[in-house]
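Undergrad: Dropping a structure here in structure tokens format, bear with me for questions.
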Amino acid sequence: MEGDCLSCMKYLMFVFNFFIFLGGACLLAIGIWVMVDPTGFREIVAANPLLLTGAYILLAMGGLLFLLGFLGCCGAVRENKCLLLFFFLFILIIFLAELSAAILAFIFRENLTREFFTKELTKHYQGNNDTDVFSATWNSVMITFGCCGVNGPEDFKFASVFRLLTLDSEEVPEACCRREPQSRDGVLLSREECLLGRSLFLNKQGCYTVILNTFETYVYLAGALAIGVLAIELFAMIFAMCLFRGIQ
């Protein structure tokens, strides 16, 4: 009876580790996709160093889970106590790290508010300065999504650095200008009229709504996946310790 129980635990351990292996592969794939996504999600993430760090953490955690899932499968099949103990300790560390990251994300969620983005834009935006990472990122976001500022074109009335650099000669940056719908090269409808703030020639929608909608799509997916991975890790640790204690 004890042998049957041990055998059952062994196969359950293998199954749960296989799911960890798949979960790690999914996290790794999502992390890679976020970093190379051609639709502009990378630019949105790059606008906030905290989020960019999160993307790299996603890549690292995905790769680590991928390897540990493989390690756990080997430990279960070979019934190696050393591998099982090594697996348990590392899964425990990862589990605690993921839990801590989730708590920190909840605590610092105010960094994603409309007020935060507006404050950063009006304080640091420099217009068409490609050497400034912050400004270049915002320009890329506004061009990609056809939006202007955080709330709309009026944000640039309070962008102190932008106003100083343009000597108040431009109401909005060129990135806010509307482009020819059929143009592959992004030809502007009228650069002069746009920079003067003529509403027919600039994008009036703020980028915050676009960013929020984009994040809602990915955050729910990532959140559901993270909960699933945490649950699998918890069961895997239980099975690993039970199998470890059952092996003579």
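Yeah, the Cβs are placed from backbone N, Cα and C, and that goes for glycine too.
I grabbed these lines from Swiss-Prot:
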{"type": "CARBOHYD", "residues": "Asn111", "note": "N-linked glycosylation site"}
{"type": "CARBOHYD", "residues": "Asn129", "note": "N-linked glycosylation site"}
{"type": "TOPO_DOM", "residues": "1-13", "note": "topological domain 'Cytoplasmic'"}
{"type": "TOPO_DOM", "residues": "35-49", "note": "topological domain 'Extracellular'"}
{"type": "TOPO_DOM", "residues": "71-83", "note": "topological domain 'Cytoplasmic'"}
{"type": "TOPO_DOM", "residues": "105-223", "note": "topological domain 'Extracellular'"}
{"type": "TOPO_DOM", "residues": "245-248", "note": "topological domain 'Cytoplasmic'"}
{"type": "TRANSMEM", "residues": "14-34", "note": "transmembrane segment"}
{"type": "TRANSMEM", "residues": "50-70", "note": "transmembrane segment"}
{"type": "TRANSMEM", "residues": "84-104", "note": "transmembrane segment"}
{"type": "TRANSMEM", "residues": "224-244", "note": "transmembrane segment"}
Undergrad: Give the nonlocal contacts of the transmembrane segment (84-104) in its own chain as ranges (CB under 8 Å, at least six residues past its ends).
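TA: Counting only partners 6 or more residues beyond its ends, the transmembrane segment (84-104) has Cβ contacts under 8 Å with 17, 20, 54, 57, 61, 64-65, 68, 71-72, 75-76, 226, 229-230, 233-234, 236-237, 240-241, 243-244, 247.
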Undergrad: Using a Cβ-Cβ cut-off of under 8 Å, list the residues of the same chain that are 6+ residues beyond the ends of the topological domain 'Cytoplasmic' (71-83) and lie near it.
TA: 10-11, 13-14, 16-18, 20-21, 90-91, 236, 240, 243-244, 247
Undergrad: Calculate the per-residue pLDDT averaged over the topological domain 'Cytoplasmic' (71-83) and state the result as an integer.
TA: 81
Undergrad: With DSSP as the reference, give the number of residues of the topological domain 'Extracellular' (105-223) in helix, strand and coil.
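TA: For the topological domain 'Extracellular' (105-223), the helix, strand and coil counts are 70 helix, 4 strand, 45 coil.
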Undergrad: Which numbers of helix, strand and coil residues does DSSP report for the topological domain 'Cytoplasmic' (71-83)?
TA: 11 helix, 0 strand, 2 coil
